[in-house]
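As written in Swiss-Prot, here are the features:
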| type | residues | note |
| --- | --- | --- |
| SIGNAL | 1-19 | signal peptide |
| CARBOHYD | Asn84 | N-linked glycosylation site |
| BINDING | Gln145, Arg249, Trp251 | substrate binding site |
| SITE | Gln167 | site 'Transition state stabilizer' |
| ACT_SITE | Asp168 | active site, proton donor |
| ACT_SITE | Asp189 | active site, nucleophile |
| CARBOHYD | Asn288 | N-linked glycosylation site |
Amino acid sequence: MHTPYLLGALAALAATAVGAPAEHIKKRESRTSAPSGCLTVGSDGTYSTIGDALDALGSSTSSACIYVASGTYEEQLTIDYAGNLTLYGETTDTSTYKDNVVTITHTISSSDAGSLDKSATVNVVSDGFSMYNINVENGYGEGAQAVALVGNADQLGFYGCQFSGYQDTLYVKAGTQYYSNCMIEGAVDYIFGDASVWFGECDIVSNGAGAITASSRETSSDSGWYAIDNCNIKAASGVSLTEEVYLGRPWRVLARVIYQNSVLSDIINPKGWTTMADGATPLYYEYNNSGAGSDTSDREYETSISAAVDKTTVLGETWGDWIDRSY
């Protein structure tokens, strides 16, 4: 079920249907009508649900795009299109998640669904997928693992999106992934998995006590990182969590995470990191952070580092070919 509505015809973007880096998207612009060539979803669109639009793409391998008009879409989606696909949400400001008016929501726990992947509101298994200005939530809440989005593909890009849940919100399962100007909210292990991921200029928001990250890197040959760069780490509005949140814990034995150039609020426990997998020797780093939670003098399980890591280290030599640099 959904309740879409259009805000009105304002200045629109003229764009081609591409799933590769969307260089035409500029900060502080609106997107209130469909880019050229996109399938349309909403009360005035060709399709009433996002799932119907995905089905309409069929078995084509051409680049494609879908524009979703304002509304709440109660759907559970699998993104398995064979070509590059971009999903655009309506917004008055493409540079931020804060003005998003499109939400995809579903409520189920992993125990009820049968697996983490099956609990996901959106399950991405298509390489080269990009999403702009869409909120994704799993409304299950406390008591069980319940995924909002699982990224299980390579070269995934999320721009101005919001991911909300409680435990296991964002399952970065595999591949390389890029999150820019997004918000990720949860309480327990709400960024987890084995992907190599860059989070840039994001708000990472705890709505309960627990650990933020749970990397499942487990071999020294695994090149994966979680790089949290120029982000704000804070409590959800109205929630008091002073020293109740850890930067991470190792889901697998060689977890590797860095927080760099970020603002760590007073929610961060002075120990910084905590335990999970038996026998773990994680690689946990902090570099050039600020804020009440950035004092590292009492940190545990942490390794020193002399410089920030870069996108090439995290995403590989070709990162500039597939991320949207305008973000």
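Each Cβ is built from the backbone N, Cα and C atoms, and glycine gets one as well.
Since this is a predicted model, take the numbers as computed values, not measurements.
Everything Swiss-Prot records as a feature, shown here on the structure.
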{"residue": "Asn84", "record": "N-linked glycosylation site", "DSSP (3 states)": "coil"}
{"residue": "Gln145", "record": "substrate binding site", "DSSP (3 states)": "coil"}
{"residue": "Gln167", "record": "site 'Transition state stabilizer'", "DSSP (3 states)": "strand"}
{"residue": "Asp189", "record": "active site, nucleophile", "DSSP (3 states)": "coil"}
{"residue": "Arg249", "record": "substrate binding site", "DSSP (3 states)": "coil"}
{"residue": "Asn288", "record": "N-linked glycosylation site", "DSSP (3 states)": "coil"}
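Calculated from their C-alpha atoms, the gap between Gln145 (substrate binding site) and Asn84 (N-linked glycosylation site) amounts to 30 Å. Summary: among the recorded positions (Asn84, Gln145, Gln167, Asn288), the fewest other C-beta atoms within 10 A of the C-beta are counted at Asn288. It is Asp168 that, of the active-site residues Asp168, Asp189, has its Cβ surrounded by the most other Cβ atoms within 10 Å.
Comparing CA positions across the recorded positions Gln167, Asp168, Asp189, Trp251, the one lying closest to Asn84 (N-linked glycosylation site) turns out to be Asp168. Nearest neighbour of Arg249 (substrate binding site) by Cα distance, taken over the recorded positions Gln167, Asp189, Asn288: Asp189. Among the recorded positions Asp189, Trp251, Asn288, the ones whose Cα sits within 10 Å of the Cα of Asp168 (active site, proton donor) are Asp189.
Once the Cα atoms of Gln145, Arg249, Trp251, the listed binders of substrate, are compared pairwise, the greatest separation found is 16 Å. Cβ atoms within 8 Å of the centroid of the Cβ atoms of Gln145, Arg249, Trp251 (the substrate site) belong to the same-chain residues Asp168, Val188, Asp189, Phe192, Ala211, Ala214, Met276, site residues excluded. Annotation for Trp251 (substrate binding site): same-chain Cβ neighbours under 8 Å, separated by at least 6 residues, are Asp189, Phe192, Ala214, Ser215, Ser216, Met276, Ala277.
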